[in-house]
Amino acid sequence: MELDSPQKNVSDSENENQERLIILLSWPLSAFIIFSNLFIIIGIVFNKKLHNTANYFFLSLLFADFFTGVLLPCIPRMKFNKNLGYYGCFLAFISPNFFFLSFLANLLMVHYEKYLCIMYPLRYRELWVHRCAALSLVLVWTFPLVFSCFPLLGWNNWKNNATCSYEQVFPHAYIYLETYVVVIPSILAMSFISIKLLSVARKQLKEIKKLHRSVQRNGVTEMEHQMDLRYAKCIAVFSLTFIICWVPYIALLQVSVLVIEKYKISLWVVLTLTCVGSGSAAVIPVILGLSHRQYTKLWRNLYKKYCQFCCKPRQNAT
């Protein structure tokens, strides 16, 4: 017993340090995602001009991202064993997976809807995404729910008197399927859609510049410089978003697969990548929402209305 005590103390100390790391990395990201989504959701709900199909899809994405932010601190803790029963164990592991898959499905639907709106502007209202918006919203929540419940329906490694752990709930085949058939193809599809839309924007920009030069005939004008600058900003935002938000998450997926294959990777590295990778991916809807001026118009109007007196410069008495 005396020989085991130092080892147990070291293990407890290491667990406490790992818990501090999770709190340090995941809690600030979680709070930022939760409050930012609430900020944008309120801005859309109370602005009647934004009540249309495209914004309903984006609102659904914000709710999925909100719940992902709530459960974000639970994702790195999935690496630890838990003292839970059968249903409690499956609920603890399936819930974060479901909401993250729902977030991914909603994000893909937002990209797809935007793609159809830009590529087929005259036929957009006739397409199924617009005509059956309610059905589309049901599907982006139902498919992740069904897929995440596969382990609960019997596809698991659970044994009698088993310890509640990640390995008991998710079989290796399930993780491979989710990683290489569901998640990574979805990320690649969204990247392809974004690149395609940037290509369309570039073609339209060239046509506008050509038309403008035929009218002005004064060479390159200031307006053309501004258009080129805006396009360059779009390219920069897309590139930075992919690098900052998606690359850490893809790295997390690959490290998770290597851990399954019994490669020796420090748990500290896994926890850090889990916190940063999951959190950075969940920040994407916040970036999209805050960059849309209409979504923040309500708050800007409230600021102007109630802070106008405080910010109003003093006038000298005449």
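Cβ from N, Cα, C; glycine included.
Per TrEMBL, transmembrane segment is recorded for 20-46 (among others). Outside the transmembrane segment (20-46) by six or more residues, the chain places 55, 58-59, 62-63, 65-66, 68-70, 72-73, 75-77, 268, 271-272, 275-276, 278-280, 282-283, 285-286, 289-290, 295-299 with a CB less than 8 A from a CB of the stretch.
Under the heading domain 'G-protein coupled receptors family 1 profile', TrEMBL lists 36-288.
Remote same-chain residues near the transmembrane segment (53-72) are listed as 26, 29-34, 37-38, 40-41, 44-45, 95-96, 99-100, 102-103, 105-107, 109-110, 113-114, 117, 129-130, 133, 136-137, 140-141, 275, 278-279, 282, 285-286, 288-289 (criterion: CB distance under 8 Å, separation of at least six residues from the stretch ends). Residues annotated as transmembrane segment in TrEMBL: 53-72 (among others).
According to TrEMBL, the transmembrane segment annotation covers 84-108 (among others).
Long-range Cβ contacts of the transmembrane segment (128-153) within its own chain (Cβ-Cβ under 8 Å, at least 6 residues beyond either end) map to 53, 56-57, 60, 64, 90, 93-94, 97-98, 101-102, 104-106, 108-109, 112-113, 116, 169-171, 174, 178, 182. According to TrEMBL, the transmembrane segment annotation covers 128-153 (among others).
Look at TrEMBL and you will find 173-198 (among others) tagged as transmembrane segment.
For 235-259 (among others), the entry in TrEMBL reads transmembrane segment.
Within the same chain, residues 18, 21-22, 25-26, 29-30, 32-33, 36-37, 40, 58, 61-62, 65, 68-69, 72, 75-76, 79, 100, 103, 107, 110, 241, 244-246, 248-253, 255-256, 258-259, 296 sit at least 6 positions outside the transmembrane segment (265-290) and bring their C-beta atoms closer than 8 Å to a C-beta of that stretch. Per TrEMBL, the feature transmembrane segment maps to 265-290 (among others).
Residues 97, 101, 104-105, 107-108, 111-112, 114-115, 118-119, 147, 150-151, 155, 234-235, 238, 242, 246, 249-250, 253, 256-257, 260 of the same chain sit 6 or more residues outside the transmembrane segment (173-198) yet have a Cβ under 8 Å from a Cβ within it.
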